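Reviewing the structure listed below.
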Amino acid sequence: MKVISALLLVGVFWSQELKSASSDSIIHIGAIFDESARKDDEVFRLAIADLNLNNEILETEKITFSVEFVDGNNPFQAVQEACELMNRGILALVSSIGCMSAGSLQTLADAMHIPHLLIQRSPAGTPRSDCSPTSRFPGTDDYTLMVRPPVYLNEVIMQVVSEYSWQKFILFYDSEFDIRGIEDFLDRTSQQGMDVSLQKVESNINMMITSLFRTMRVEELHRYRDTLRRAVLFMSPATAKAFITEVVETNLVAFDCHWILINEEISDYDLQELVMKSIGRLTLVRQTFPMPQNTTQRCVKHNHRINTSLCDLKNPKAQQLEISNRYIYDSVLLLANTFHRKLEDRKWHSMASLSCIRKNSKPWQGGKSMLDTVKKFGVSGLTSFLEFTDNGTNPNIFFEILGTNYGEDRGRGVSRLATWDPVHGLNGTLTDRKLENNMRGVVLRVVTVLEEPFVMVSENVLGKPKKYQGYSIDVLDALSNYLGFKYEIYVAPDHKYGSLQPDGQWNGLMGELVFKRADVGLSALTITSERESAVDFTTRYMDYSVGVLLRKAERTVDMFACLAPFDLSLWACIAGTVLLVGILVYLLNWLNPPRLPMGPVSSTTLYNSMWFVYGSFVQQGGEVPYTTLATRMMMGVWWMFALIVISSYTANLAAFLTISRIENSIQSLQDLSKQTDLPYGTVLDSAVYDQVRSKSMNPFERDPMYSQMWRMINRTGGGDNNVEESKEGIRKVKYGRFGFVWDAAVLEYVANNDEDCLFYTVSSNAPDRGYGIAMQHGSPYRDIFSQRILELQQNGDMDILKLKWWPKDSPCDLYSSLQTKQHGNALDIHSFAGVFCVLAAGVVLSCLIAMVESWWSRRKGSRVPSKEDDKEIDLEHLHRRVNSLCTDDESPHKQFSTSSVDLTPLDMDALPAARQALEQISDFRNTHITTTTFIPEQIQTLSRSLSAKAAAGFSAGFGSGGGGVLQDHRTGGVGPFRQRAPNGGFFRSPIKTMSSIPYQPTGPGPNFGYGNDPDRGTSI
């Protein structure tokens, strides 16, 4: 501040002195400045004060000056002020003004032959545009010298964009910029096929950004954000700072954006502020002046000394110098050197008072000589070296290209990337490189959704940040260890992956990325086209497929597993066959009685035939003799049939008891879609929900299977069968009849880690998408993350991480629909429970029958027998007794004739043989004697026919005892009798009469104990 105050005092002193001595000085300079160029005026006065004070260039002469301020947009005022200066008498005119007034001054200077040093000034610090050439008469000289070099911004920005290989970007320019200055650039980009958009930045930037959000839809905003990833800014540093601040605060740009700001006048102070306010990568193109780093060399030239406050880089005033200030200072130095040379050559032309108003006014005679001297020599100053070509332009211009790395750290370093000049072009290499492998110092904000086994809470201590684990967390840790970044993780507020809402906004995890509240989205997040339109995804780190989680069918206790080998209809056929064959065997024996000796066996009744057939079927044999050929043929075929049936049953029973059959009908997604008994659904508005809907409704990818699934999932608008989150769907499967359609990887983990192994999964075999890491649209981390993921996959590290959560030696069978045992296939009691039940039922039934028989026998023995109680006696027992009587030579019955014997129970008591003796009598095998029982109460005599010879013998032997008619032993009447059938039964026969044979006792004998029962009788 002391230095500045001193300089101001010096300036005021010299200005007063010059005013008082102006009439005596021979060097007078005029200056016209724009009203906004107050700093140019300050530097102009300081330069003249230095020259008059040091006496290094002009030893004896002093420079006087006159300064006028004009409106840059008012050419008439500029000409009027210039005429006023010429009227005062000037040797040269210095102006710092815009193109609009510069053209008028150029015309006036040409007309009056006054050397004019023009420092083109852009309004409000915007980039310069070439001024339109001024029309002049042929053969006239151009007395205007362009102190500032021509505008090379088009050439520089074209070179930079080409080096960065940009093909699509947006160009912003502020309201003060003349768009005609970049017409050449736009033409060249169009010729090279670049897609360039133009947008004007209004003075009220906040209102402009607000209108964008108000008028654009969400899709348009996404596209706009994508366009903002690459941008070129043609604007003043002040406007650039305000614009960058606004778009960063409104999340219109991401960390991967790359913006180029081009402006000749970007000070170091502006540079630091721009870097502080921006994110992503920033490239700045500004004009630079090659100067020695040593302060002495910078400030001391060969014949003069520059003011230290302007040449010392450590001085704040030198750091805030504008480019026009530098050219103003050097212009004064150049004029001073020109005046010095003219004075040395003694070719000095005195100043002339010129009038612009008079028509016949003549130009200055010494103007041409002064112009040539100015153009012939140059000067070293604050702009390195100032000189002019023959056409009056300054050829010396240099640009430096500065840039930052991608990132968001404040105060990140700025380095010089390259330089450019009209002679050598670009000196350096520009590459729009993404982030390098070293991301140390970068802290990423990660949003997630809890989903087993991808992201799970591993530790939740009150007052401390939650810790997470899972497959996706392992992948993120692997990337973090390799790249060096750190991350902060949090769960999405609504615990959803996110979907596009009717108002065009994203919710859930996707919404956090879209609205720039998170850098990375990580979970069981699948890559879909709809999501990729809003965010960027890395390459897939795991394949994805749709699956369904189902509950295994419980192993029900089948008590009649022994019946499983045969179908119920087959068992019915076998039972019917047993009955049918038993009846056939009985009929065959009835139609053709056996003629062979019978021996001591049972009679061939229907009951015995059924029992025999059943016994042979179960391989237990029988007791009834079947001696006929037809019966034996039937039984042979039946035994063959029984052998095949029993063998088949035994073999099939072993298979049924040792092999578990999968009886659940749902073994694929096709099976699931074809059935309607089991309801199934998924999470509403999830990627699976959208996939099923798309493949069922989109005509370009319609799939019949997904169409059937969509009808079930979308039943009643999707409210019945769908859930809000995956945990709810898993719960419905475990505790009800439900199928949960979800990510196959998640379902496999759930089924694999269930304690009771209640689940199994069914999934599609062909994965059509994958899981990826989501990032903000245009994120700079996408490519480096993708590259590292590919390296992990190639090295096999990704498979190792996967085996941690999906091990191959799973304790549960994920693909079996039945609950199976884990320790062998030993048979248990359930497999034979039916057999034991049948045995128990038989035992109980046998006991019941025995109890009924016992009760019946006691009841029958406790009452007097009635007529209905007479039953057929045991024929076999009677056969043995009678045969023994007939074969024993010493038996008393030998004294009787064998023609006919009629015995009653009373007579049987008088037989001479004892009961014990009768049991030892041998069979009688040479007679045709048979026995039957008869019921006297019904006056029926039961008899068995004898042969004709035997009948005659019986009649002869007993003829003397009575008549030929068989009379009742109680009534003496003659009654009918029934003849014994060949099969042992009875049938009616015509009534026959026999002579009555009176019973003659043979003597005393043992009493059998029957008593004198008149109701019993036996016929032999």
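For all residues, glycine too, the Cβ spot is worked out from N, Cα and C.
Residues or ranges marked as disulfide bond in TrEMBL: Cys83-Cys356 (among others). Within 10 Å of the C-beta of Cys356 (disulfide bond) there are 16 other C-beta atoms, taking all protein chains into account.
Per TrEMBL, the feature domain 'Ionotropic glutamate receptor L-glutamate and glycine-binding' maps to 453-515.
According to TrEMBL, the transmembrane segment annotation covers 568-588 (among others).
TrEMBL lists 637-659 (among others) with the feature transmembrane segment.
Taken from TrEMBL, the feature site 'Interaction with the cone snail toxin Con-ikot-ikot' applies to Arg693. Neighbours of Arg693 (site 'Interaction with the cone snail toxin Con-ikot-ikot'), defined as other CB atoms within 10 A of its CB across all chains, total 16.
According to TrEMBL, the feature disulfide bond maps to Cys757-Cys812 (among others).
Positions annotated as transmembrane segment by TrEMBL: 829-852 (among others).
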Spatial neighbours of the transmembrane segment (568-588) far in sequence, C-beta under 8 Å, 6+ residues away: 604-606, 609-610, 612-614, 617, 626, 628, 630-631, 634-635, 638, 641, 645
Euclidean distance between Cα atoms of Cys356 (disulfide bond) and Arg693 (site 'Interaction with the cone snail toxin Con-ikot-ikot'), Å: 84
Residues in the domain 'Ionotropic glutamate receptor L-glutamate and glycine-binding' (453-515) grouped by DSSP into helix, strand and remaining coil: 20 helix, 16 strand, 27 coil
CB contacts for Cys83 (disulfide bond) [other CB atoms within 10 A, all chains]: 16
Residue pair Cys757 (disulfide bond), Cys83 (disulfide bond) - Cα distance, angstrom, rounded: 102
Distance [Cα-Cα, Å, rounded] between Cys356 (disulfide bond) and Cys812 (disulfide bond): 105
Across the domain 'Ionotropic glutamate receptor L-glutamate and glycine-binding' (453-515), average pLDDT on the 0 to 100 scale: 87
